[in-house]
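Asks: Found this in TrEMBL, in case it helps:
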COMPBIAS  1-14  compositional bias 'Basic and acidic residues'
COMPBIAS  27-49  compositional bias 'Low complexity'
COMPBIAS  50-78  compositional bias 'Basic and acidic residues'
DOMAIN    89-122  domain 'RecX first three-helical'
DOMAIN    130-171  domain 'RecX second three-helical'
REGION    1-78  region 'Disordered'
Amino acid sequence: MARQHPERGADDHPVAGAAAVPARTQAPSAGHTAPSAGAAPSAGTSPSARVRERLERRTREILDAPRPKPTEEDASHEKAVVHECRYLMRLLATRRRSEGEMRRRLAQREVPGAVAHEVIARIDRAGLIDDAAFARDWVQQRRALRALGDEALRRELEDRRVASDLIEEALRAGEDDEEQRCRELVRSRLDERDRARLREERDGAHRRKLSRRLDALLTRKGYPGDLAVHVISGELRAAAEEPAA
């Protein structure tokens, strides 16, 4: 009688790392003689039945074949993979990461290439790598919290090794308007004293000082130079012309 073996499966969790193994076919019941590995299918069976018989026979051969015991090197490799998977999962618990960020972290830890490759593969199989979603979230949050322009956002995502097409897609997403963000940022940096001096001055000295300061700010935030000049000029003129409170 053929031996019965429990079904083997794989956990999709990145730390598990076991490849799925097909379920073993049920052993023949008492009194029934299973066809031998080399036996030909019955002449009267249909083509599909013959194919099925051959597949079942080949499956039994594969599953019944002796498996080599893991070597010490294999065990060491698996231990390293599990350790680095857990490290990346701790990082992912704080915020979403791009694949490039995770690869860079592994490189900084001097993880061997074969281990790093397997770690990233398991993290990916677990559905924890999505650079498109990462780019969208990054753009949305950095626009809201830092009022960054598109060029600064593009540089940040490139530094995190996000593909250029995903970056452009993320920058186009939503109804956000770069010029409006730029105007709101400039207005937020003009306090009441600045506005009063703009209304009162005649030589334009304070206006030029504010213009240089605001231009430097918008450059750091990643707004295009022509847009910065246009917005600064318009907002300073509007502030100088607005009536006193």
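Backbone N, Cα and C atoms are what each Cβ position is placed from, and that goes for glycine too.
Could you tell me the structural context for the features on the list?
Replies: Each residue in the domain 'RecX first three-helical' (89-122) has a pLDDT score, and their mean in this model is 96.
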Asks: Same-chain Cβ contacts of the domain 'RecX second three-helical' (130-171) under 8 Å, 6 or more residues past its ends?
Replies: 96-101, 103-104, 178, 181-182, 184-185, 218, 220-224
